[in-house]
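Read the structure below first, then the notes.
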Amino acid sequence: MAALQPTSLSKHPLSSGTPTIFGSRVQSGDFLPTHFRYWTSFRSNTGVKLKASAEPPALTRELKGDEQKGIMEMESGCDLFDKLKNGFLSFKNHKYMENLERYQALAKGQAPKFMVIACADSRVCPSTILGFEPGEAFMVRNVANMVPTYESGPSETNAALEFAVNSLEVENVFIIGHSCCGGIRALMSMQDKAESSSFIRSWVIVGKNAKLSTKAAASNLSFDQQCTHCEKESINNSLLNLLTYPWIEEKVKKGMLSLHGGYYDFVNCTFEKWTLDYKGSIMNGKNRVLVKDRLFWC
């Protein structure tokens, strides 16, 4: 196989036009080690420059104050990845190796019982909160855990739904919302006729019906209380939106698929769970969710 020829000079997007040396080759075909140092000067330039030297680090000049500060910040970034490295090694040694047969089986395929749609919020991890193990739940996370209607067209959420319901044949779709949701707050704060190119606005408008029903039912409450109300109302709105997908409604009608809502209050660490009453919702005209099997965990 032909040897991969190194690129000796390149314009790095952060280098402000300064050529960046990635490596050099000696006659034997070996590459000389290249030692990189990063620094940024916060007084004169907010960009990050990459410098290279063929000498070992001990022969480089002593760094000045701003340069040392930049190096310390880089090392702090490395500390973050050290934490991830330790987390991975702990997982490998204490979970993967101790359950090797299970993970080898998962390498051949997956058969989860749940499809989970949760918020992208960093404080809300379904696996941590509900104890899902690898292979138990197919997940998609988006802003404010919303499900657009079938008529809205393709999105990563309905692509995941199609795969989970039609290919993996999950038995449960579980939409999980949470307290203090920034996406719902953005929805409740939006002016109805405001023009905006915001991706966030274009997405959270999916929950417009939840906002309207919240305004109608809770107009006497404070804005924060309205947001809390809408967080739950939006889950129910998405449950109704699931029924706009023909292949989802067909399986729900046959009893092959159940649709559930959940609400995680991370301020008080409580969890509510409920299940869509399909027959009751259909009789109600599909515009209002009727639920059953409501549970409260605290």
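From the backbone N, Cα and C atoms, a Cβ is placed for every residue, glycine too.
Pulled from TrEMBL, these are the features on record:
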- Cys119, Asp121, His178, Cys181: Zn(2+) binding site (BINDING)
**Message:** What is the set of residues, excluding Cys119, Asp121, His178, Cys181, whose C-beta falls within 8 angstroms of the centroid of the C-beta atoms at the Zn(2+) site?
**Reply:** Ala118, Ala120, Arg123, Val124, Ala144, Asn145, Gly177, Ser179, Cys180, Gly182, Gly183, Ile184, Glu231, Tyr264
**Prompt:** Cβ-Cβ under 8 Å from His178 (Zn(2+) binding site), same chain, 6 or more residues apart: which ones?
**Reply:** Cys119, Asp121, Arg123, Val124, Asn145, Glu231, Tyr263, Tyr264, Asp265, Phe266
**Fill in**
Within 10 angstroms of the C-beta of Cys119 (Zn(2+) binding site), the count of other C-beta atoms across all shown chains comes to 25
**Message:** Under 8 Å between C-beta atoms and at least six apart in sequence, can you list the same-chain neighbours of Cys181 (Zn(2+) binding site), or say none if there are none?
**Reply:** Cys119, Asp121, Ala144, Cys227, Glu231
